[in-house]
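Notes follow the structure.
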């Protein structure tokens, strides 16, 4: 009896051992399959950046993890990297890497002329128009569509270049005009003094305004002050002689009867003197000489600056001459009363 249980125990042990072995073998086969399925996933992590356009590689990876055999639409290729190691990547069979490159479409002159005419008419040709145009030119609709896309891109680039060129040309023209104006302003001489002078510019006034110099300015200042004092004295002198001498220089400038003051004034003034701005020339000469003597011009200044300053002083003295005459009269009256 004890032998039978021993045989049964051996059988049970053998059955359990066989079950264990089969279970271990099944587990090992599963681990091997899992390792085979996870191996391409590790390899696909790096090259997916280079082949990001093939979205079917993810499907291949999923199907590979589920089954040990590759699906029909996936294939394996071996790639050697820069370090020399060989890597296995899975790519979809639809991605034909061995196919030749697409040849560029060559249009005839007639086709280009017709396409250009249609583009000038309308930049977007779609629908029946594109179908009819492709049929007439013996082209495909895709070729016509791509040609119009390229033509629109070229036009945009040309317009951008033209706008940049126009801006550069306008800036250059503006700069040149500004430089030309500055050059003209630098070379422009001050306004001519002979145009401002009366016909009697050959007298003492013209010589004083044309050729300024320090000794001449000093002499003119002395003569002007003496003439102004004499004119004031003649204006304040009582009697018909004073009245005649007061109005006589403004009319003709000829010497008339009166005291020595007016006679000396007419002797020092030119015989043919004309009025400027309805004012007597001797009084104008005196005011100009006094203003020039109050602020003498230096010889170190440029000739253009001196002429411009002289013209400005000449105009200012002419404008304010009546006020200076009244001031001289008031001063002379005060001196006479004292």
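Note that Cβ sites are derived from N, Cα and C of the backbone, with glycine treated the same way.
Under the heading DNA-binding region, Swiss-Prot lists 100-159. If you take every residue in the DNA-binding region (100-159) and average the pLDDT, you get 88.
The annotation compositional bias 'Basic and acidic residues' is assigned in Swiss-Prot to 1-34 (among others).
The compositional bias 'Low complexity' feature in Swiss-Prot is assigned to 239-252.
Annotation comment: Swiss-Prot describes 327-338 (among others) as compositional bias 'Basic and acidic residues'.
Annotated region 'Disordered' per Swiss-Prot: 1-69 (among others), in sequence order.
Per Swiss-Prot, the feature region 'Disordered' maps to 239-269 (among others).
Taken from Swiss-Prot, the feature region 'Disordered' covers 318-338 (among others).
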Report summary line: Across the DNA-binding region (100-159), DSSP yields 41 helix, 0 strand, 19 coil
